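Engineer: One structure, as structure tokens, below. Some questions next.
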Amino acid sequence: MAKEISSELLNTILTRVGGPGNIASCGNCMTRLRLGVHDSSLVDPNIKTLEGVKGVILTSDQVQVVFGPGKAHRAAKAMSELLGEAPVQDAAEIAAQNKRQLKAKQTSGVQQFLAKFATIFTPLIPGFIAAGLLLGIATLIATVMHVPADAQGTLPDALNFMKVFSKGLFTFLVILVGYNAAQAFGGTGVNGAIIAALFLLGYNPAATTGYYAGFHDFFGLPIDPRGNIIGVLIAAWACARIEGMVRRFMPDDLDMLLTSLITLLITATLAYLIIMPLGGWLFEGMSWLFMHLNSNPFGCAVLAGLFLIAVVFGVHQGFIPVYLALMDSQGFNSLFPILSMAGAGQVGAALALYWRAQPHSALRSQVRGAIIPGLLGVGEPLIYGVTLPRMKPFVTACLGGAAGGLFIGLIAWWGLPMGLNSAFGPSGLVALPLMTSAQGILPAMAVYAGGILVAWVCGFIFTTLFGCRNVNLD
């Protein structure tokens, strides 16, 4: 295990969050150890001063400790082992003692709902990145070497092999989402997966593709399984709630036999009658909104400028359903490269701070340690170690990101919309081969690279002019 996540560090963190008895859950996203807590008043915010911790985000019921990619997973695994070995106090007693205080501090329902997306989508992100990279590399090779789509031979076969993972992922993605969502909302994962599969089946007996469900209407009512991801999330939530209500009244002897059976029958009925049409309308509305924002340069600037703030509050995972909706409606994720400009603006701001700092200052050392991850799309080290503690550079970094978003929005407005070839992927320079557009991969890569350059330069200029005044540069 790396030094930064040693058992001593994790024991110190465990002590500062109130001990094992205050831990309700332990998990991780790509860069953060996420600890659910019963009583937030027991949490010491000075966790962020520990060596190896890049930042801390506190909510009423969760502590997010920023370690960075890879390390967060190891930290969560080691913390789970520590919790398994530690003597645990009565969690229910702790919760009861502090219930009133927790209610007073409770964050909004919207923020809590968005936090669920981390639980649903984080396990899928490595697959998104891997499949997207393989597809991007294969598409780039085919473009540069002028390989026709119907070509035969070793190279075309190898390229098709690299592309098949993306096809498999997005064909059956709703089942994975349904499974994770049902669990996140407190239900049984397999029930969510089965309900999600209803959105994947075909209901047109004359169709030549897909798998026919065996009926084309629901007791005479038409079936319209549009709005895949949005509908699946709603259905998984309903499935978990219905399962909880059924289990409450089900005798223990019949629980395994009847609970899932009744849950599936009720949820499927609701899905066909209400959730599928509702999901379709929400899907169309969300797609319309973000497609129009993407085609509006100023809308792109606002989205890119505000994204770092979403990262700070830990609700940036809430954009993932939007990514999936855009993939369905556009064929690529046009929002992701716009939001990626936020990280590029921060790189420019960090370089300006490095330039203005004293040669042997701690600030220069902090920037050197965080700039490479920032260039590769991992922004937390720069956020929590460099810009956010000084505030003004954080604001100018947001302005630099907004300038990059404005650039991409202008290019789209002039007739070259582009986006990521996957619902999710790496940002920064690593994302270059994942860009695509109707005009091909190379124009999309050029637009993305131009946006990054604009964000770097503007972040640097804004920070040099406005972000260094009355700021500690030591």
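Please read every residue number as a count from 1 along the shown chain.
Here the Cβ of each residue, glycine as well, is placed from N, Cα and C on the backbone.
Note that this is a predicted model, so its numbers are computed, not measured.
Residues annotated as active site, phosphocysteine intermediate in Swiss-Prot, with sequence analysis given as evidence: Cys29. The domain 'PTS EIIB type-1' annotation in Swiss-Prot covers 1-89 and is backed by sequence analysis. Per Swiss-Prot, the feature domain 'PTS EIIC type-1' maps to 115-474. Residues or ranges marked as topological domain 'Periplasmic' in Swiss-Prot: 145-157, 202-217, 282-301, 356-368, 415-440. What Swiss-Prot lists as transmembrane segment is 124-144, 158-178, 181-201, 218-238, 261-281, 302-322, 335-355, 369-389, 394-414, 441-461.
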Engineer: Using a Cβ cut-off under 8 Å, which residues of the same chain at least 6 positions beyond either end of the transmembrane segment (124-144) come close to it?
Structural biologist: 29-30, 155, 159-160, 162-163, 165-166, 168-169, 173, 176-177, 180, 420-426, 433-436, 440-442
Engineer: Could you give me three numbers for the topological domain 'Periplasmic' (415-440), the DSSP helix, strand and coil residue counts?
Structural biologist: 7 helix, 6 strand, 13 coil
Engineer: With every protein chain in view, how many other Cβ atoms are within 10 Å of the Cβ of Cys29 (active site, phosphocysteine intermediate)?
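Structural biologist: 23, counting other Cβ atoms within 10 Å of Cys29 (active site, phosphocysteine intermediate).
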Engineer: Please give the sequence-distant neighbours of the transmembrane segment (181-201): residues at least 6 beyond its ends with Cβ less than 8 Å from one of its Cβ atoms.
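Structural biologist: Apart from its flanks, the transmembrane segment (181-201) reaches 116, 119-120, 172, 174-175, 210-213, 225, 228, 231-233, 235-237, 239-241, 243-244, 260, 263-264, 267-268, 271-272, 276, 279.
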Engineer: From the DSSP assignment alone, can you count helix, strand and coil residues within the topological domain 'Periplasmic' (356-368)?
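Structural biologist: Helix (H, G, I), strand (E, B), coil: 8 helix, 0 strand, 5 coil.
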Engineer: Take the topological domain 'Periplasmic' (202-217) and count its residues per DSSP category (helix H/G/I, strand E/B, coil), listing them in that order.
Structural biologist: 0 helix, 3 strand, 13 coil
Engineer: Take the domain 'PTS EIIB type-1' (1-89) and count its residues per DSSP category (helix H/G/I, strand E/B, coil), listing them in that order.
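Structural biologist: Across the domain 'PTS EIIB type-1' (1-89), DSSP assigns the residues as follows: 39 helix, 21 strand, 29 coil.
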